[in-house]
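Asker: So TrEMBL lists the following for this protein:
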type: ACT_SITE; residues: His131; note: active site, proton acceptor
type: BINDING; residues: Asp89, Gly139, Tyr297; note: substrate binding site
type: BINDING; residues: Asp166, His168, Asp257; note: divalent metal cation binding site
type: DOMAIN; residues: 23-313; note: domain 'Histone deacetylase'
Amino acid sequence: AGGPRPLLYAKSARLAELSRLLPVNQDRTALVHSLIDAYGLLEGCAVEEARPASLAQLLQYHSRDYLAALALWDQLPERRRADFGLEDDCPPFHGLYELAALTAGGSLAAAAGLCSRLHRTAVHLDGGRHHARKSRAAGFCYTNDVVLAILQLLGSFKRVLYLDLDVHHGDVVEEAFQLTSRVLTISLHKHAPGFFPGTGGGGGTGGGTGGGAGFALNLPLRDGLRDGLFVRAFEEVAGGAVAAYQPDCLVVQCGVDGLAHDPLAASWALTPAAFAACARRAAAWGRPLLVLGGGGYDSPSAACTWAGVVAALLGMQLPDDIPEHEYFGRYGPGF
């Protein structure tokens, strides 16, 4: 009972190696964890080396056929691979199943830390893969660690509030829980013709069906969005939801592809300060809190932003200068 409960920080050295095989963000995992460590932030955390999710854990959401395809893709004809989404932005590669299982395993380990009541806050910045479907990869996502983590949280918490800050709509998380009132999903994102994934256009509580009707809230926001409006929207919409829905647990998908100059999304004009402000606010609501990563396609920018998020969760401010460390040369004079 007594004593402070440190922030649980899940990561995987093996995942950092495997991430170099991805179509984007080959070095992001290494940069993120190295910078957070260099700032000394991990000294205030309980660091957990994540293990791969088991087959039984992955089957809580994904289909057996799909998981077999992730493991044995090189034995499938190209047409069959395409059926599972293993093409274009989700190409298969050797080590894919292990990467997918580790991505899910980190988020499940973080969720387990909350379920055990040993931690009030848990972070897995290699998670947040909100586009992966039950039987299909999509949008650089192979396993939906978000859905798997929320399913685990529902074993210990009655109501979960999911907040998605990625510039892309949290489409599959919304779909996965559209039949239940035990999960309220809120997504702040860009919605425009031809912009992936193309869903989440309706404002208001348009999502959800049956018992989950009204438990999905989408907030499509315009191009060029700046910190002030983003943070205000988060505080008002999410804060209102916390008051009205009274969740027992919060999950924040902290995709940072809304940063100005993101090379892939190139939509919003946010700075790292916006995400730190949202993290501070989420922590202030006083519920058990799971923070996951997501998009963000300039690796040094993503690393700086997530370091600021972890610092905010620890109640700290980052110094202005990037500390000397292995990847110091990747941070130009703009940082």
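Quick reminder: no glycine exception, Cβ is built from N, Cα and C everywhere.
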Asker: Between Asp166 (divalent metal cation binding site) and His131 (active site, proton acceptor), find the distance joining the two CA atoms and give it rounded to the nearest Å.
Answerer: 11
Asker: So if I draw a 10 Å sphere around the Cβ of His131 (active site, proton acceptor), how many other Cβ atoms end up inside it?
Answerer: 28
Asker: I'd like the Cβ neighbour count for Tyr297 (substrate binding site), meaning other Cβ atoms within 10 Å of its Cβ, all protein chains included.
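Answerer: By my count, 18.
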Asker: Quick check on the binding-site residues Asp89, Asp257: which one has the highest count of other Cβ atoms within 10 Å of its Cβ?
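Answerer: Highest number of other Cβ atoms within 10 Å: Asp257.
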Asker: Please identify, among the binding-site residues Gly139, Asp257, Tyr297, the one with the smallest Cα-Cα distance to the residue listed as 'active site, proton acceptor'.
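Answerer: Comparing Cα positions, the closest of these binding-site residues turns out to be Gly139.
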Asker: Run through the Cβ atoms and count how many others sit within 10 Å of the one on His168 (divalent metal cation binding site).
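Answerer: I count 28 other Cβ atoms within 10 Å of it.
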Asker: Same chain only, sequence gap of 6 or more: which residues have a CB within under 8 Å of the CB of Gly139 (substrate binding site)?
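Answerer: Gly139 (substrate binding site) has long-range Cβ partners Asp89, Cys90, His131, Ala132, His168, Phe196, Pro197.
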Asker: Looking only at the domain 'Histone deacetylase' (23-313), what is the mean pLDDT?
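Answerer: The answer is 96, the mean pLDDT of the model over that range.
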Asker: Please give me the CB contact count at 10 A for Asp166 (divalent metal cation binding site), counting all chains in the structure.
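Answerer: I get 26 for this one.
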Asker: Would you list the other residues of this chain near substrate - those whose C-beta lies within 8 angstroms of the C-beta centroid of Asp89, Gly139, Tyr297 - in sequence order?
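Answerer: Filtered neighbour residues, in order: Pro23, Val24, Phe140, Phe196, Leu264, Gly295.
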Asker: What is the interatomic distance between the Cα atoms of Asp257 (divalent metal cation binding site) and Tyr297 (substrate binding site), given in whole Å?
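Answerer: The separation of the Cα atoms works out to 6 Å.
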Asker: List the residues in the vicinity of the divalent metal cation site, defined as same-chain residues other than Asp166, His168, Asp257 with C-beta within 8 angstroms of the site's C-beta centre.
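Answerer: Surrounding the site, in chain order, are Val167, His189, Gly255, Gly258, Ala265, Gly294, Gly295, Gly296.
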